[in-house]
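J.: Take this structure first; my questions come after.
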Amino acid sequence: MADSVDRVFVHALNTVKKIPKTGASRPPPTDRLRLYGLYKQAMEGDVDGVMERPTAASGLASDELQREKDKWDAWNLQKGLSRTESKRRYIEALIDTMHRYATTPDAEELVSELEFVWNQIKDNSPSSSLSSPRPNQSTGAGAQQPQQEPEQASDGEGPLKELRPMSEYDEAELRSQRQVDLEDDEVDVPTSDRSSGRWQRKVERALTTMSAEVAALREQIMTGREWRTKKERSVPAWVKWFAWLLVKHIFADLVILSVVLLWLRKRKDQRLEDIVRAGVRLMREYVRNVLPSRG
């Protein structure tokens, strides 16, 4: 189910881009920092090894330095979460935040569509305890890590846990991590070979990202069709359709009646015109009797 979570995560990021800049209430800094931390954890993993906590030695202004520290702390609060679990929490936090602060009709429709997509898969997606194990970054034989991790889990925690198969996205990450470990171990490899391996890893990551975006776009198109079908089958949609159909028929009847009256008047035949005048006279009398008099 990690692929489904990835698709909804991309859908959530697109939803954030589509939120109107005017009219909607801005969430408080605590909510924005929590979303930022979950986003960075989902995209890059733990903050350790990626960047250090900003200090005064970085040369930033006091206000900007405090903002960078808050961002780093928000990211560090999500330490230890897998990428799939971070994406799940980001989606749920975004839906909750938009329900509280998205007050415009466009924003409400965006969060309703995102929640509709998320409800379809969240009950079937595994929790973080059942997600695929993250590759260990310690030095050593990287190719033997997938076989060693189930044994460590069984020795350290007693009962065996159910491990689901890794998704294509996780397998691509594992292959990239293996290449990084092999590059670190093989010191005697020529520079040209290491450059080609680094280039190959970048290409694989780009292909993986492109595949996820294409799958997310396909999911978004299918979801949009389902959403439109659901709205078209609602009671207000049926009422609007019936009212529009009635107006079209009345307009068409009036046009046909006008053409027939003109044709008969040209032939000096006033029978139909007399019938129409009598009908209009009866309608006026009925309206005069129903509506209260002005006096």
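Glycine residues also receive a Cβ, built from the backbone N, Cα and C atoms like all the rest.
Remember, it's a predicted structure, so these values are computed and weren't measured experimentally.
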J.: Looking at 62-89, 174-201, I want to know which stretch Swiss-Prot calls region 'Disordered'.
T.: 174-201
J.: Can you break down the domain 'ACB' (5-103) into helix, strand and coil residue counts using DSSP?
T.: 68 helix, 0 strand, 31 coil
J.: For the transmembrane segment (244-264), could you work out the same-chain residues 6 or more beyond its ends whose Cβ comes under 8 Å from its Cβ atoms?
T.: 270-273, 276
J.: Taking the domain 'ACB' (5-103) alone, what is its mean pLDDT?
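T.: For the domain 'ACB' (5-103), the model's average pLDDT rounds to 85.
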